[in-house]
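Quick notes on the structure that follows.
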Amino acid sequence: MASGRCCTFLEILLAIILPPLGVFLRFGCCSMEFCICLLLTILGYVPGIIYAVYVLVALDSDQYQREYHTLA
């Protein structure tokens, strides 16, 4: 359990320095969370930080289940 909290702390610290990096480490490059965080960071640094910290704290990647839908 302590290593999980330590990893979360490091991800939040990275998210404060460079918001998309913390989200990338948790969810990957092609996730919706990463794309939203990247867009918010480009539009404004502070909204990117707020969203990144929210995503890292509120969404648990182990319990987070994605639903994939076919496009065609």
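Yeah, the Cβs are placed from backbone N, Cα and C, and that goes for glycine too.
Residues of the same chain lying 6 or more positions beyond the ends of the transmembrane segment (9-29) and with a Cβ under 8 Å from any Cβ of it are 37-38, 40-41, 45, 48-49, 51-53, 55-57, 61. Per Swiss-Prot, transmembrane segment is recorded for 9-29 (among others).
Note on the transmembrane segment (39-59): residues 8, 11-12, 15-16, 19-20, 22-23, 26-27, 33 of its chain, located 6 or more positions outside it, place their CB under 8 angstroms from a CB of the stretch. Taken from Swiss-Prot, the feature transmembrane segment covers 39-59 (among others), and the record attributes it to sequence analysis.
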